[in-house]
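Asks: Take a look at this one; I'll ask things after.
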Amino acid sequence: MDKQLLIFDFDGTLIDSVPDLADAVNAMLTTLGKAPYPIDTIRNWVGNGSRMLVERALVGKIEVSEGELAKETIDHAEQVFFDAYSKMGGSKTVAYPNVDSGLKKLKAAGFKLALVTNKPIRFVPKILQFFGWHDIFSEVLGGDSLPTKKPDPAPLLHVCEVLNINPAQAVMIGDSINDILAGQNANMDTLGLSYGYNYGQDIRQLNPTEAFDDFSALVDYLLKAYPANN
């Protein structure tokens, strides 16, 4: 079946935002009287939304047990993190190589593009504006736009419904287990990118439809695999 809709993850797929996120996490920890962590440690905590990132930073590990932290503790820390991240202004966030030109090629080829991220939606428009991508995507969802987020398939299915596209005609593209599972749970083709944030696990171990080490290779594949859109 022809593919009409390409649904992209954001952090770790299109942009590397870890330098800003790490600065905000460490600013939060310092404010709370805790020791900061190296950027490479924080990199492995990114991908499940801001609240989980905050929880991991508070306990200093990727696995957080239920009830390990009081809700009030997380709520306060998350607000401190949000305040710090807002002040960062995205100055250290960069687009991965070939992403800007690749997105424009795909849009010009006739695909509809959507963005589904677990990042809080309040931080997304400013980044899109900075990179000049505000008119690239037909639909944009953040991790708090709906009651559930990836790996739940609901955000992907919601995008399909809004854009009136059969889920079988959509492709989920991302760098982590949350993206691949969301796409698989929505019965979509899934395309993995190996360079992002996947907790140290090779994206190919998740059995995506295809996987790529570079965004330009992904674009070439899409243009050849689904030529009806050209």
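Cβ coordinates come from backbone N, Cα and C, glycine included.
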Asks: For the Mg(2+) site, Swiss-Prot lists D9, D11; sort out which one of D152, D175, D189, D202 goes with them.
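Replies: Of the residues offered, the record points to D175.
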Asks: Ranked by the number of other Cβ atoms within 10 Å of their own Cβ, which of the binding-site residues D9, D11, D175 ranks first?
Replies: D9
